[in-house]
Amino acid sequence: CSVSLFEGADELRLVNGSSPCAGRVEIKHQDQWGTVCDFDWDMEDAEVVCKQMGCGSAVSAHGWAYFGEGSGPTWLIAVDCDGDESALWDCSHRGWGKITCPHYYDTGVICSGINSLGRIEVRLVGGDTACSGRVEVKHGKMWETVCDSHLDFNTASVICNELVCGQAVDTLGAAHFGEGHDLIWKEEFQCVGNESLLQKCPRMSRPNDTCSHANDVGVLCSGKNSY
């Protein structure tokens, strides 16, 4: 399919499900959220969605607004994925917003889970104490730094709590604790703030972001809890 001029701004999310890895499929294109029509929607299409969201493998593919009707434009119709594409819009489709499809045909997916590669580990590196430093996460074999636009104060609160480091005091961007090396995390954490572990926070895939290590984020926690 043709490459959209707005490709870098496209985002994917799952809405109205019982977990971050289930829900109605929605795409943000041209700064507007819309849906995907269930014409020809199948497990290979759902597999690409689940992989793109970091949600493991597809368990089921749903049509007929299984997770409720969305709103906005129908961005994609007749999506036909092979299953190995990196983003849903890389699959064959009829073109962005080319055909109007009623929202009672909105698609949904259920994925196996957010931790398909095992637990997300987190550490703070380069600070004066064990409770301050550059945020690094590991979901598999490699430690990765996090872009300062992908982590907010709510997420910092979850990290400080998980590391038994008291309360979050501040998030510090622009590689305040020095630049990391190697990989950069490709997802935005969307924690509420009361999650017990970072891995339980919803995440939004940002595969096209151009973060560099100059954007590495750090967190400052109040200190080790006394208990």
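Glycine is no exception: its Cβ is also placed from the backbone N, Cα and C atoms.
The disulfide bond recorded by TrEMBL for CYS221 reaches one of CYS101, CYS111, CYS147, CYS160; that cysteine is CYS160. Here the candidates are CYS81, CYS101, and TrEMBL names CYS81 as the disulfide partner of CYS91. For CYS101, the disulfide partner recorded in TrEMBL among CYS21, CYS37, CYS191 is CYS37. Residue pair CYS81 (disulfide bond) / CYS191 (disulfide bond) shows a Cα separation of 30 Å. Take the disulfide-bonded residues CYS101, CYS147: by the count of other Cβ atoms within 10 Å of each Cβ, the lowest one is CYS101. Here the CA atom of CYS160 (disulfide bond) lies 41 Å from the CA atom of CYS37 (disulfide bond).
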